[in-house]
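Encoded as structure tokens, the structure appears first; notes follow it.
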């Protein structure tokens, strides 16, 4: 038995090294390989074994989108951004980030109506730009989900401390002297929360949605309480203390907008539920766009309420709202805020963990990761293996890693994926659907990106102000020229982005600009992550998909060569 097993291991290693020797050939065949929407909806989806159950309605989707975003943004990023970047104008940062998110959500909505599968941006980019771009975006989405969920879980501990009247958020964490700073405070409360939600999501999507609906309803009432109390007990004069509305200038406002963009991750998780909703063409636009509108308004009001209560330089970076109420003498309200924020964080974490498992499930269907991650449990209709695997990853990171270490790398990953989706929508509408030559569209996308980079560099250099009107003007002229000269002749879909290509072009510009406001350390960490996932694709993903697709084509050809498969089968059985 041991000899047979040894031979099997040698055979596996031999076949793998043989595959590695064919890597250049396989990369040429697979990197730009695309699927049609019909294949994505039918052929690829069958690889999960069972179908996900369509039980969700439009109000479930709106509640999931609102619940997914609310707890993350206000309670995690508002305090640090107001204190270190935007000052009292943090509500303007939220407005700018909200506009960018709304434009990106329009692009997501059109794709999700045309390709209603659980893969979200991964599937949209794979059918448009090919396997590698889809994989790269999907891997970045998973990275941002896991890291942001870990950060949010640790914030839960901070607000739970406030709910019990404990001012030091680290009092419930275990400090380990031998570990590096930022990784040395173990958070077992965050781990427990992540594991409990993981098991809930394994059980049923509909029941998880009902739980989220209840929590989100309470959460919105709670937001109303904070906004009303904040405005009634605060002072407009605090918006001007100590150094005016924009202490760091417009630059600080935009730097803050890039960071608070982290708050809008939740809406794209709504698109991953496309296989579990009823009437996708109607439900998806209402769920995605409606949730972004509602959340953007609440974010701005909540940020304004915080800065009205307390001057920006006195805002606590941890558990900001609880500390603000305590500063104005409402300690009991601070405890309520801690409890309500904890509830909101649970809701947002529930939705984000729901979305991350669906992304991994569809990436598993494509065979870019081991296929057992794509399996859907036949009785619960949930991607069980993916949910458990990512739940354990999130819990492990939440145990060690501090929020400050992960928050900016999350923003850069989110902005990159939204940038790619906006590019993909223009390319799909003007090339794949309209049957126009690709060169004009690719040239337009290249010029828009180049001008956005030029505008951003001029902004950073400060002295080169002439670049701002120059590059901004070029973007407007090029977009108008493209709209006038390149026709959009595709068949009208059930839902499409109005005034194309303007919304997608502005989304491209904003995403590039916001990315360039992040720190160099974020790009270095992102480059390292990009190198790791590219290496995984070269060593595993491309070989797995090549073999899966080649075997599938061979089986299809074999079936087609048999004149009557049923007669052939009967002969073989006899």
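Residue numbering: from 1, along the chain as shown.
Glycine too: its Cβ is placed from the backbone N, Cα and C atoms.
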Can you say which of 363-381, 496-514 is given as transmembrane segment in TrEMBL?
496-514
Quick check on the annotations: TrEMBL lists transmembrane segment for one of 257-275, 466-484. Which range is it?
466-484
Feature transmembrane segment in TrEMBL, mapped to one of the ranges 91-111, 154-174, 553-573:
91-111
If we skip the immediate neighbours and take only residues 6+ beyond the ends of the transmembrane segment (210-231), which ones have a Cβ under 8 Å from one of its Cβ atoms?
59-60, 63-64, 66-67, 70-71, 74, 200, 298, 301-302, 305-306, 308-309, 321, 324-325, 330, 333, 336-337, 340, 343-344, 346-347, 350-351
Which numbers of helix, strand and coil residues does DSSP report for the domain 'Cationic amino acid transporter C-terminal' (495-544)?
40 helix, 0 strand, 10 coil
Looking only at the domain 'Cationic amino acid transporter C-terminal' (495-544), what is the mean pLDDT?
86
Leading contact stretch, 123-143, 382-400, 496-514 vs the transmembrane segment (186-203) - CB distance under 8 Å:
382-400
For the transmembrane segment (91-111): best-contacting stretch of 288-312, 332-354, 382-400, by Cβ pairs under 8 Å:
288-312
